[in-house]
Each structure stands twice: as structure tokens, then as C-alpha cells.
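TrEMBL annotations:
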- 12-32: transmembrane segment (TRANSMEM)
- 39-58: transmembrane segment (TRANSMEM)
- 81-108: transmembrane segment (TRANSMEM)
- 163-185: transmembrane segment (TRANSMEM)
- 228-259: transmembrane segment (TRANSMEM)
- 271-292: transmembrane segment (TRANSMEM)
- 328-348: transmembrane segment (TRANSMEM)
- 360-384: transmembrane segment (TRANSMEM)
- 396-413: transmembrane segment (TRANSMEM)
- 457-486: transmembrane segment (TRANSMEM)
- 510-713: domain 'STAS' (DOMAIN)
- 564-582: compositional bias 'Basic residues' (COMPBIAS)
- 564-614: region 'Disordered' (REGION)
- 583-593: compositional bias 'Basic and acidic residues' (COMPBIAS)
- 598-608: compositional bias 'Acidic residues' (COMPBIAS)
């Protein structure tokens, strides 16, 4: 660096030169290590287009991808314009969102069949952000009169477009970072019942947000919890101000769309290409609106100006990033969750693999680059994906062709739809959401199959309806995880018995043929052992064995204390008697006649036998009989040994280790030996780190299987071969005692 500048080096330039040299050496070393097949594999996995496009089977797939791309591109036109209303931005930006992100996904995506682009749930989440940060009240301009005001729609729309593009850019950055750190597994927290309930609740938000376009009213904008309820109340209060012309247009469009879709479904087996019902609807509605001048004669709100051509990229508004971090992360997770779920369905059906981390990168680049071109966040649409598959689409080429169709519309055809009523777009949204509303049928099916999943479904719906979609998603995920905690807190505890003639052990309450091993209790929990269920594990063990060890040990201590009191009392009495007899002996030596009490028969007998100090003291009941005897409360005999089957335990925390230690100690004091079997490697390591093993408690209590532990217990203290489970390698060793 110094030689190129030719100037005298300064401390700063020396530091810069050293830093530059280190960076060059580091980069070169990475390049050296990544050369060859490894570098090629990494690069092709990052840009999948270069891997599959050279091998594209043109003859087999070209026609199907062409027809599919045109069909899906036609669907993008009405859906893009309609979903732009959900995002509270002008309709043309829905077309932009159906062009740029699709091209990016074509290069970096791995799913061959999903159709990315505008999506209702994502659009309504964007709309909640744009209307919250740029409400109508911020763009009210006082009129010439004292009480008159006007709304600056141009400035409002420009600000909302900036907000939508910025939050989309930030959500794309989140997705890109999660993909680079291989965090694709985050979607596992979005179970299918949760996703379906969430999309259903989001559809309700979408329907409520479009009521103003169907009735031609202007309700107040609400945000925060219960905003949906407040909006419904506001719409009901404004029904008296309904624009009849707008309402008629909306009703006629809905009826026509539903009828046309039903006829199209009936003729689907006869027509290879689906009828573009939405496109035909907006063409007819535009022509009718233009001929009848609905905007002027009936005050029906129309789409308005649709500029031709593409826009130059614009930098995101950095000042707004701090106020939308939570919204952007919610968009990133929801968009990815929906896309990867649908992508995996098609991948499983058509036998190919979808890379979850690469999908994150592809969606992240689509949103981040799309945000620079004033697009709003995208995901994949079930309806468009089904059309893409049903019309013969077999690769990402169909998506690229649909992007070309949108490009033609943006450059030449878009301005022809300026007279399209917004009520028609709202009607298209209503009809397209009917599939999501049918998901209410999940409640009945889940009630029959899994009631916990049904509770997750219902609670997700309620939480998302009551809160905004972003807050509802967070609350729903928290509730779903909470149900997992509850399931591990309330596992099924079983006593195992042996299937006769085999080494198989099954729960005795579930199978009629299994028999318990006499004197041996085999206990198993269906969940792992950790702090949340440790106490219930011990209680269930006491209940299943029929012995409360705590009460047994308490009873033992009482007997021990009683025995000690009797011994102390007997010793005191013996000492007193010894003194008395010594005194009598002294009197006898002096020639005095000893005096015995009438009741002291034991003394006379002792003197007659020549043993003055011999006393007959009745011993208390032996405590050993208590240790091996029955429970004082239930009269249930204690087993000789208890075997804990730890096969379901996949980890142990400190509380779990302490619980096992207490069980071993308490039953050991009661005279019952405790053995552990089928421990996983991590469980044994946790026990070692938790100081479970010591000089008295060795690994000889570990067994590789339940059957090995039973055989050892049946051998007892014989000097035969012992089956001792070895350490966490789970290799069984025969050791001669």
C-alpha cells in the first residue's frame, strides 16, 4: 500500500497496510482451501440455477412450463393488484412484487413447483405496518373553509410505499442471515395445525380489512390488540353510509366469480388449461366501469393511475428500521414457514429434495432485492402453485415465464386497468380466501384424532384474531411450545412385564399376556426426566410400587428411636438395680438380714443363680424386618429390586440427576436395590458430570437392557457371571465376579 501511494508512512497507514495484508492472506488461504470440487459444490449449492439449467430436459418440460408460466402469470395480474390493497399501497406495486422477486427465486430457489409472489397473509401483515406508521391522520390538509379538510393521498401513498419496501428489505435481511447460519430448522416450531389456524385467522383479518372497499365507507384505522373487534364495530356503525353502487358492484362480482369457478371446476377434466376467471372478471369490470363511468356517476372508487415501465432501485429508509424490527422478523418467519411447508409437500410428491437453508437464502434475496425496487414481502400461494402443477409445470422455468408475462403487463397493458373498481379486487380477495375459510373443518377432524392439536388450532385462531398477525404469531408459538411442556409434565408412567419366553417387556396395563417378574419392579416414564416433572416422577414411582418410601423411612426412624429409648430405660433400670443389690450385699456382710421387696422376684432368681447383675431385658423388634417387610400403611411387600427403564430419557438436567440420586439413596436405605437400564450416552455423561457416581454408587448399576437387569436381579448374590452394562459406549461386557 505504501509503495503505491509513494508517501511517507504514518501510524494509520502502517496499521491499514498490516490489516490489508492480513485480510489478503486470510482470503487467499480460504480460497486455497475451497478450490477444486469443494468450491464448485459450495458455489452450485448457493446458485442452484447453474446446476440444473444445463441439464434441463427441453423436449420433455418446455411445453408444460410454457403453458404453466403463462397461466400463472395471468393469475398474478388480478392477485397482485388485489393484494396491494391489503398492503395499503397502490395496485401497481403488487405487479412489481410479482416480477422482481420471482426472477430472484428462479436463480436461487430449489423448489420446482411452488409459485412465489404476493400472498394474502403477508400483504395484510405489511398493511398493518404501513397503516400504523403512516395513518391517514398524518396527511390531512386543512381546506380553505374553517371546518373542511382534504387528504393528501399522493404523499400518503408515497410514504406507505417507502415503509412497505423498508420492512420488506429488513425481513429479507433476516431471512438471508438465518439461511447463512443454517437456521432453517426454525420452521419446526410452526406445526401444521398452527400454520393452518394462523392462515385462517389472517384470512379473517383480510376480509375485515376489505369491507370498506365493498361498502364504499371509510372507517377509522385501529391498531394494537382487539383492533379487529373495534374495526368490525366501526364498520357496523357506518353501514348507513354505504355507497349503493359500490355494494352492487361487489355483490355482482362475488356471485359471478363463485359461479364461474364452480363451472370451471366441473369442466376441469375436459379443459387442459384452467379458465382465467379472475382475468376475465377484471377485464369485464374495467370495460363496464369505463362505459358506465362508475367513478363519476355512482362515486365508485377505482384503481386510478397505473404508470407504465419499471422503477429505478431506491435505498431503504434507514431511519424507519428501528420501529419495524419485530414486524420484519414476523414476516421473515411466516413467509418462510408457508413457503417451505408447501415446497416440502410437492418435493415429497414428486421425489426431489428441497434445501431448507437455501430456501431461506432464496427468499431473503428475493425480499431484500425486491425491497430496493419498492416491492412488498412475498411468499408462495397455494392456489397459484396448484395451477402451476395442474397445467404441466415441472421446473422453475414456469416461474420465470410468469415473470415475463408480468413484465409485458407492466410495460404495455397495465394502464388499461385504471378504471377497474377496487370493489372488484376486494371481491377477488374474498373468493380466493374461501379455501382458507374451509380450514375451519380442521376442528372436527382434530377433535377425533388429537385433541391437543385441536386446542393449538383454536387458541392460534383466537390469539391471532384478537391481536395483530405479528403479535398473534408470537403468542401462538409460545402457546404451542407450552403444550409440549405440559405433555412432558404429564407423561404416562408404566410398570413393565415380560412377554413369556422372550426378552421383550411391555406395560402390564396395556397387554394381557405380559407377566410381572416376582420381586422385581420395572418402572418407565414415556417422557424425559427434567425439572418440570421430577417430582411427579417420584410420586408415580411410589404409587406404582405401592410403597411410599418417605413414610417407610419415617416409620423406620420412629422404631429406631423407640428402640433406643427402651435400651436407655433398661440400662438405667439395670444400673439402679445394681446399686440396690450392692447395698444389700454390704448389709449382708455386716450380719444384717437383707430385705427384698415382695415384688422383686427377678432379684431373688438372680441371687439364687449366683449372678447378681444378670437382667432379663426384652429386645425391641428388629429393624431389619422393617426394611424388608411391608409398608406400614399399605401392608404391600417391598420388591427386592427396582429397575428404572430410562430409554425415553434423552437428556438429564441437574434436577433429574438429583432425582435419580435420591431414588437410589431412599430405596437403598429401605433395603431395595435400584438399577438403571438403557441409558443413552448423553444421559450417562450428565450423570457423571452431576457426581452421581462415587465409591459407593458405581456403574455396575447400569445395564444395557431391561432383560440384562432382570437376569442379574434373579441371580441375586450368587457368584455366577454378572451382566453389567458398561459405560456410555453401550457395549456389554461379561465380567467374572
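Yeah, the Cβs are placed from backbone N, Cα and C, and that goes for glycine too.
Here the transmembrane segment (81-108) has Cβ contacts under 8 Å with residues 46-49, 116-120, 123-124, 126-127, 130-131, 157, 160-161, 164, 206, 209-210, 213, 282, 303-304, 306-307, 310-311, 358, 361-363, 365-367, 369-370, 373-376, 378, 396-397, 399-400, 402-403, 406-407, 409-410, 414, 417, 420, 422, 425-426, 428-429, 432 of the same chain, all six or more residues outside its ends.
By the Cβ criterion (under 8 Å, sequence separation of 6 or more), the transmembrane segment (271-292) is in contact with the transmembrane segment (228-259), since 3+ such pairs are found.
Contacts between the transmembrane segment (360-384) and the transmembrane segment (163-185): present, as 3 or more C-beta pairs lie under 8 angstroms, all at sequence separation of six or more. Scored by C-beta pairs under 8 angstroms, the transmembrane segment (457-486) has its highest count with 328-348, from the stretches 163-185, 228-259, 328-348, 396-413. Relative to the transmembrane segment (396-413), the listed stretch 39-58 leads the set 39-58, 163-185, 228-259, 328-348 in CB pairs under 8 A. The DSSP breakdown of the compositional bias 'Basic residues' (564-582) into helical (H, G, I), extended (E, B) and coil residues amounts to 19 helix, 0 strand, 0 coil. Here the transmembrane segment (228-259) has long-range neighbours at 204-205, 208-209, 211-220, 222, 277-278, 281, 285, 294, 297-301, 421, 423-424, 426-428, 430-431, 465-466, meaning same-chain residues at least 6 beyond its ends whose C-beta is under 8 angstroms from one of its own. Looking only at the domain 'STAS' (510-713), the predicted model's pLDDT averages out at 77.
Remote same-chain partners of the transmembrane segment (39-58), defined as residues 6 or more beyond its termini with a Cβ less than 8 Å from a stretch Cβ, comprise 31, 106-110, 355, 358, 361, 395-397.
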